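According to TrEMBL, the protein has these features:
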COMPBIAS  1-12  compositional bias 'Basic and acidic residues'
COMPBIAS  13-36  compositional bias 'Acidic residues'
DOMAIN    32-146  domain 'Ig-like'
DOMAIN    217-312  domain 'Ig-like'
DOMAIN    399-471  domain 'Ig-like'
DOMAIN    501-597  domain 'Ig-like'
DOMAIN    606-705  domain 'Fibronectin type-III'
DOMAIN    813-885  domain 'Ig-like'
DOMAIN    910-1005  domain 'Fibronectin type-III'
DOMAIN    1023-1113  domain 'Ig-like'
REGION    1-40  region 'Disordered'
Amino acid sequence: MPEAADAVKPEGEGEAPAEAEEKTAEDDEVLPEGEEEAHQSQEITGLFLQHPETTVAVTGTDIVFTAKVDSTTLSRKPTIKWLKGKWLDLGSKAGKHMQFKETFDRATKIYTWDMKIIKVVPGDAGAYRCEVTSKDKCDSSAFDISVEGEDAGEDEGSLDFSALLKKKPVVDEEKADVWEILKNAQPSEYEKIAFEYGITDLRGLLKRLKKMKTVEPKHSDAFLKRMESAYSVDKGKKIVLEVEVVDPNAQVKWLKNGQEIKSSAKYIIESVGNIRTLTINRCSLADDAAYECVIGEEKSFTEVFVKEPPVTITKLLDDYHVVVGERVEFEVEVSVEGAHVNWMFEDQELSRDSHKYRFKKDGMKHMLIIQEASLDDIGMYWCFTNGGRTKGELDVEEKELEVLQNIADLTVKAEDQAMFKCEVSDEKVTGKWLKDGVEVLPSSRIKLTHIGRIHRLTIDEVKPEDAGDYTFIPDGYALSLSAKLNFLEIKIDYVPRQDPPKIHLDTTGNMVSKNTIIVVAGNKLRLDVEISGEPPPTVVWAKGDTVGTSYTLEGRVRTENRKDLSCFVIEGAEREDEGNYSITVTNPAGEDKANLFVKIVDVPDCPENVKCTSVGEDCATMVWEPPKFDGGVPVTGYLMERKKKGSTRWTKLNFDVFEGVTYEAKRMIEGVLYEMRVYAVNGIGMSQPSLNSKPFMPIAATSEPLGLKVHDVTDTTCTLKWLAPEKIGAGGLDGYVIEYCKEGGEGVFLRPVSNTIVYHCQTSCIFVKSNLLLSNLIYHCQTSFITVKTHSYLIQGQTLFITLSKPIYLELPKIRLPRYLRQKYLRRVGDKINLTIPFQGKPRPKVQWYKDGEELDVRVASIRNSEVDSILFIRSAERSHSGKYELVLQIENMEARAILEIRIVETPGPPEVVKVTDVWGFNAALEWKPPKDDGNCEITGYTIQKADKKTNEWFTIYDHNRRTNCTASDLIMGNEYMFRVFSENLVGKSEDFCLSKDTAIIPKIGLEYNPPPFKEKDMQSAPKFIQPLLDRSVVAGYSTAISCAVRGFPKPKIRWLRNKIPLDENPRFLMQNNQGVLTLNIRKPSQYDGGKFTCKAINPLGEDVVECTLLVRDIFNIFPQS
């Protein structure tokens, strides 16, 4: 809105009147279509209380611009835009470099907006504008930023005109026509002339000069249509740059900031005829650059501006009420992941370098964390994004101090120790001690300690002057704890002292439980036991029931006695030392005794019976038995080692403890002898290795023989032939074993001759068994191999076999029931049922169907059987067809069964005995009984309807009601209602209904409403224009619009005239009527479209007319000539 910018400029920033007129004309000249209409609907007023001021900044510093608006006269909240140059919206540039803030004072109703630029760079210099809009009011304020620094001129490559203008007087426009001077000057002199005459907008200057010059535009030999000077696109959207070339075969290059663009998924370069396009997918801020299309020496240039969408706040801040020292975590959620947000406390921005605050970002969540809240943290916390803000209040209150243990009065004797002790709830609280109102200071005899929540005052060697009142006062709390110290002076005559002996056992250290000591074998045990008694007692140690009289001052197991202490020592503990020990102390005053149990723990014994149970091509399975003695600590696992026979080098098989007793060793070499040993591991350590296992050799089993077939069969013999196995392991092939199994033999294969082996030189054999092959029996035959090594040990590989195929193989019967028949099969009454159930079995099995345990009647269903399936067909299903159907396949004495359940369902019958049980207010309670006929499936619900006896129209009040009762609400007073209920199941709703036996009458309360008489108002009126047409002056070639407003009823007919000629059929004039607001849009008017425009409104009650004059100026005559 350039007009507003001139209307509200601050003092000291105004220009000469002629120059201001040129500025307005220049801005009108570059105003886009549609923008001018929006400005006409807003009233230009002075809304700013404080304008942003022109500033000269130093490179690297921070600057803040402030604008204030009074909203007392505004009907809506004002909105603000910060712009750079003509149209670049800075809201999309919000981030670490540029930040925006908005505050509102409820008392004065003043909005304050701040724009902060952090660490100014030379690129920030230029002209800026601040625009404020509120419904039909708007205002604008322009200001400049100049950047000073050593490299500012070198980086920008342009002059800082706004800073230089403050030092130069403005040249009066009347003395010289600057545009005439620029028109006749060389382009290299434009900057110098603009500087002398105070023109800061060089881009606008060049556009104006380009339109003023009458020189014909330079003809391009390469381009028919160039790109626009600039494009704008939202972040994440797609943009297409397009040029039209003269030569359809011409090759073009696309450049971004001078660097050639290669075709990729992001940049798509296309060539169709004379059109060359560059498509940029998912634009990011990195795509905000200058782009060129180059053909030979000619270029088409444009700029792409990427607008970042505003980041909105989806989850607002919550208020917190905590006590001092608690943790506070403010959390906000924004619409864009990874977006930048700013945190503020009151009017102060929170720095991320602060040790008090911690900032956390998790996707779209942002958190401000205060580890320990204090009273200084009370206030309002703000979170700002470039698209919104939110606030949360923190209230911190003092933490109440709780006394956990109060100090107690003391009565002590001379030379004794007195200790006052108290405990409070906060371990950080300090305090001071007072005696009779005077602070107690620490000394060699008086000690003040503070450990955690406990405060102590200790007085050694109490004297009579120490008696008095002692008080502890916590710092910062109105609290005091008091106690009294009484001094007791006692005179006692000396009497020889006799105390009974006592044993003081220390249950810490090696004690795992009461009076139990654990010692690792080989370690030293030294047990110091404190004893007391007067006179000194006699100490006796014993193991079990035996008194340890042999325990002397020397030896592996010994005792050492000193005053008030007895020591029991075991050097190099052994398993035999484990057992119960007792210590007995006696003196003339009495006796005391204590029992101890010493437990010796050690590494476990080695595992036993390590052996190999099976081998493979490169593996072997080993088993062993756990150790007999676990060392007193459970065994946690085992470690395994192996070596080649004859070698002394052992290889570890596992580094992590293996818990089982069966282990499969892998990665061995086939045909090599190995030995293996195992270690047991417990919490103390690792055992000795076990004995080596017997040598074993990994050998792969051969594959099964191939091509087994029957060559000849007689009454008593059968000749078989086969091929050698495809794979033979390192153990070689020694021969074959032939086995057979008779039908009904329960899968047990027998050999024709016991231990018969057919050696590998043969690939056929004949076995004879009298009375075995009978005409009514079928045999299974198989061939397997056996591998024998003629060494001192035997290794037998895994046995594989091949089974004889078709001639004598029997295929067992099997039913392949489809998946949908494995559950209950539902069909409606009258549907057709056609079920195909495949099966297998050879020879062809006998098929039999049963229904509910009885043979299926062919009149109930049709059955058709084939070699591979059986079909059950029912032409029209009835309820009687429901039941369990069983299919049985039988081959000799083998059979297979399959059961499928079929249920035929239909709609249920109506419910029974619907009755109204209660009527209150506008409600009625209904009850009924389930239907007798449920349609052969579960009742899923009921539909309840009501009808007024006056209209007899039925309305549904409940659908799918699962209970047999309901409450009808919102009944109308004075009406009588009847009800009916339908039942529902999986098939649908019942065809019949059950009508309630009685009705529900809603009585009237006795109120009567007498409406006042209504007199209809006459709304007819003659047309009258409430907003006239205004004279306009526009530039030729720029679309414009004129508007007025009319009122009248009936709706008047509108006619537009230019120079008294109707415009009804002219396509260049678009007439609109929106709720009485009349608009005439004129598309790109020429000098001949000017004149007097008339708008006439007519209805049966009269007519009204308004007129205005439209002046269309030539584009080259809008500036004054000298």
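Cβ coordinates are placed from backbone N, Cα and C, and glycine is handled just like the others.
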Contact check, the domain 'Ig-like' (1023-1113) vs the domain 'Ig-like' (217-312), 3+ Cβ pairs under 8 Å, seq sep 6+: no
Per-state residue totals over the domain 'Ig-like' (399-471) - DSSP helix, strand, coil: 3 helix, 37 strand, 33 coil
Confidence summary for the domain 'Ig-like' (32-146), mean pLDDT rounded: 81
DSSP-derived helix, strand and coil totals, residue by residue, for the domain 'Ig-like' (217-312): 3 helix, 50 strand, 43 coil
Tally of residues which DSSP labels helix, strand or coil - the domain 'Ig-like' (813-885): 6 helix, 38 strand, 29 coil
